[in-house]
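Colleague: Please read through the structure below; I'll follow up with questions.
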Amino acid sequence: MSVNIVVIGMQWGDEGKGKIVDFLATHADYVVRYQGGHNAGHTLVVDNKKIVLHVLPSGILHNNIISIIANGVVLEPQSFINEIKLLEAENLCIRKRIFISESCNLIFPYHVFMDLAREKQKYRNFIGTTGCGIGPAYEDKVARRGLCVGDLLDLSFFSRKLEENVNFYNHQFTNFYHTEKVSFKEIFSNLLKVSDVIISMINDIPDLLNNAINDNKSIIFEGAQGTLLDIDHGIYPYVTSSSSVSGSVCSGAGVGIKNLGDIYGVVKAYSTRVGNGPFPTELFGELDAYFCRFGNEFGATTGRRRRTGWLDIVLLRRVISINSITKICLTKLDILDNLEKILICTSYHLKGVKNKKWDSVPFCRNDWDKIKPVYETFLGWKQNTRGITEFDELPKLAKKYIHRIEELIKVPVYIISTGPDRQDIIIRN
């Protein structure tokens, strides 16, 4: 049987999934993106060179890897082509190693304009989206008016449906949002410039992947965002528009659940999130500034400064349960090197409720504002861990921190990232 791995973010995205996938892809045949769009930003550092991918799977940097964009993804054509050109400028030959599902819904400029128009209208209650048009594109998919990659094979049909959609959105822009209209001719003309490249990559992805499984090939399914942003299991309404849990591999790529192997959960040694929404362990002041500076906590897609906080075991336990996570990949351990003390949230107290201890998430969304984290405190190791590749070489207090995380979540920490480069990794047996 083939060895298939699902790589899932355990927080609010930005956990370092790209680096983990890039590392694991050394022994893989396929890497598959199965949900999300170009709102994801996966940062890789190879030979001290930083590469940020938004659409293409992180395994694309390996010459032997076939990269798949499956049906659960929403694809913005120009961003996709730009990313290909970016990698080709690095002398990577990739076009013949990329396949796209005919069922991928496409993102158009009217989706982006709608995204931004809505955020402007919400004022203080905005979600904090990336403004990439992801939400409106998924809305069109669910409303059954979306245009798919496969529709490009019949340009007469495509043109007619696109004009209908442009008229649909322009009506809203004019009458509800009081913004400028979008041009059908401009959108269609720009799409024609890149359509041949996209058409050349269309393939039957479920058939391709299931044949690969039968041939004992190794497949990595690369998640985007994180479980706490999942449309169903995230902290609603501050969520993304797709399902970012392990179960979405089946619907987003067209493979059966029995063909999934290990579920790797990627988690930072602390917490971050971009955008608005509850964040029980959020830090402010000097500690927040420390993590932003030394962790370079700025969004790969938006450039926005990430909010920072301590590791939250309550949320991690829930994420492990939802995803059936079998192995933990702990990233950015080295960012904790200079701290005097390190905290882990092990439970919550609900403000105003005496002696009430919470070991799970609240039922009422308003209760998120009343949560007070309960912490365990650890002494910092105050030693350099960057670039360490053997677990036994870690400082004693760093190992104690990792062991305590394992005790609390009941899942082994298998991979530890000790720096940005692809070689800064510890594998535990």
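Just so it is clear, glycine is given a Cβ too, placed from its N, Cα and C backbone atoms.
Per Swiss-Prot, the features are:
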- 13-19, 41-43, Arg306, 332-334, 417-419: GTP binding site (BINDING)
- Asp14, Glu15, Gly16, Lys17, Asn39, Ala40, Gly41, His42, Thr130, Arg144, Gln225, Thr240, Arg304: IMP binding site (BINDING)
- Asp14, Gly41: Mg(2+) binding site (BINDING)
- Asp14: active site, proton acceptor (ACT_SITE)
- His42: active site, proton donor (ACT_SITE)
- Ala300, Thr301, Thr302, Gly303, Arg304, Arg305, Arg306: substrate binding site (BINDING)
Colleague: Please work out the number of neighbouring Cβ atoms within 10 Å of the Cβ of Gly16 (GTP binding site), leaving out its own Cβ.
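Modeller: There are 21 of them.
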Colleague: Sort the binding-site residues Gly41, Gly303, Arg304, Arg306 by C-alpha distance from Gly16 (GTP binding site) and give me just the closest.
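Modeller: Going through Gly41, Gly303, Arg304, Arg306 one by one, the closest to Gly16 (GTP binding site) is Gly41.
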Colleague: By CA-CA distance, flag whichever of Gly13, Gln225, Leu333 among the binding-site residues is nearest to Arg305 (substrate binding site).
Modeller: Gly13
Colleague: Got a sec? Which of these binding-site residues, Lys19, Arg305, Arg306, has the most Cβ atoms within 10 Å?
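Modeller: Neighbour-count leader: Lys19.
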Colleague: About how far apart, in whole Å, are the alpha carbons (Cα) of Gln225 (IMP binding site) and Gly13 (GTP binding site)?
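Modeller: Cα-Cα, rounded: 4 Å.
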Colleague: For the C-alpha pair, I'd like the distance in angstrom between Arg304 (IMP binding site) and Leu333 (GTP binding site), rounded off.
Modeller: 22
Colleague: Comparing the binding-site residues Gln225, Thr418, which residue's C-beta has the most other C-beta atoms within 10 angstroms in this structure?
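Modeller: For the binding-site residues Gln225, Thr418, the Cβ with the most other Cβ atoms within 10 Å is Gln225.
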Colleague: Rounded to the nearest angstrom, how far is the Cα of Asn39 (IMP binding site) from the Cα of Arg306 (substrate binding site)?
Modeller: 15
Colleague: State the three-class DSSP label for Thr130 (IMP binding site), counting H, G and I as helix, E and B as strand, and everything else as coil.
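Modeller: SS state of Thr130 (IMP binding site) = coil.
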